[in-house]
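Structure first, commentary second.
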Amino acid sequence: MGDVEKGKKVFVQKCSQCHTVEKAGKHKTGPNLSGLFGRKTGQAPGFSYTDANKSKGIVWNQETLFVYLENPKKYIPGTKMIFAGIKKEGERKDLIAYLKKSTSE
């Protein structure tokens, strides 16, 4: 498991332009991530997803996020997420630790 505080920095630098994590937070270019863990792809209420995201059918957890965050367009071809991914394993682990904590509060 990664470091939550380091993960928060990764989120602010690489994710917060398009995503929020607060419960009942607003969608931006990307969906609000509250309740992310245990939810299927393409299921955040009120966000308009691509068919690729809606039909992927995987459940978000530490393992699926770890693979997805390395290369989102490879994991879900057709996603509208324009982020290239995080190649460093440590950064991904830190980000996932932060997301696990912040999206369940």
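Along the chain as shown, the residues are counted starting at 1.
Cβ atoms here come from the backbone N, Cα and C positions, even for glycine.
In the three-state DSSP classification, Cys18 (heme c binding site) falls within coil. In sequence order, Lys28, Thr29, Gly30, Met81, Phe83 constitute the residues six or more apart from Cys18 (heme c binding site) in its chain with CB-CB distances below 8 Å. Under the heading heme c binding site, Swiss-Prot lists Cys15, Cys18, His19, Met81.
According to DSSP, Gly2 (N-acetylglycine) sits in a coil region rather than a helix or strand. For Gly2, the entry in Swiss-Prot reads N-acetylglycine, with the evidence type experimental evidence.
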CB within-chain contacts under 8 A for Gly2 (N-acetylglycine), separation at least 6: Gly90, Arg92, Lys93, Asp94, Leu95, Ile96, Ala97, Tyr98
Cβ packing number for Cys15 (heme c binding site), 10 Å threshold: 20
Chain-internal residues near His19 (heme c binding site), provided their CB is under 8 angstroms and they sit 6+ positions away: Phe11, Lys28, Gly30, Pro31, Asn32, Leu33
